[in-house]
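Novice: The following block contains the structure, expressed as structure tokens.
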């Protein structure tokens, strides 16, 4: 069989293949041939240290596709989705904290639960929308930017008095998207040139993220990582089903939130630097669990999306995209 044809089919057959295939490939390489990512120079910069640069570029490209008139409805939808996700995450974490304390139960700590449920994988969101949704769904991205970074979680922790954040942290995530909007306005009518670049960036970003993980990380996370990953996926399903009652075309955005972004791992060193005694002992487990949750939700979120969309038939366009 032609290897090129096999790879092409692999990307199309696997739900979210643009994200999942490169991610798993990098994890396998880092597990068995980690020296590949230590070569240095351009190789290491692109495939190991390039995730944030590529993510920023991805935000810029999506910004060029922004249309104000088309985005009013999706902005409202995005705001509702964000509020629901934050509410679910906060309620779940506070419940565990109230009944079981900081150490949680069955390996489920309130801190990890809050991080996992209040963040999303924007690259996965874009991949799911490109495969199952419609272009207008990308206009909700400004809201989802808040869930890609640790900022929402840090803000919640800040409100609780545990840490402090600055406005620069927020602006650093908004600027690439805002610049993209400006460029898109200046080259109106030529945005398709930038649109074709979006599917190219996603695999490189996914590969760079996967280069930080190994298969063994799944084992080190204990049962809690698996349980929380299931909870995150279920939260996406729940929001998906709720939106089916009001707007079937927008329901895909709910399941797209059923994943945790790799940037959730940035919170661990931040908490470590604060020297909070309550979490110092739990840091190794917290880090392993976040890695597991990120990997599992990235793999199974598009699978769940395909199953739900196929069964519910949320829109004719989505059905056609599945063919």
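In case you wondered, yes, glycine gets a Cβ from its N, Cα and C as well.
For 12-32, 52-68, 80-100, 106-130, 142-164, 170-187, 196-216, 222-245, 252-274, 286-309, the entry in TrEMBL reads transmembrane segment.
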Novice: Sort out the residues at least 6 away from either end of the transmembrane segment (196-216), same chain, that have Cβ-Cβ distances under 8 Å to it, and list them.
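Specialist: Sequence-remote neighbours of the transmembrane segment (196-216) are 18-31, 34, 37, 46-51, 54-55, 57-58, 61-62, 65, 123, 126-127, 130, 262, 265, 291, 294-295, 298.
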Novice: Taking a Cβ cut-off under 8 Å, which residues six or more beyond the ends of the transmembrane segment (52-68) line up next to it in the same chain?
Specialist: 122-123, 126, 135, 138-139, 141, 145, 148, 173, 176-184, 187, 191, 194-195, 197-198, 201-202, 204-205, 208, 263
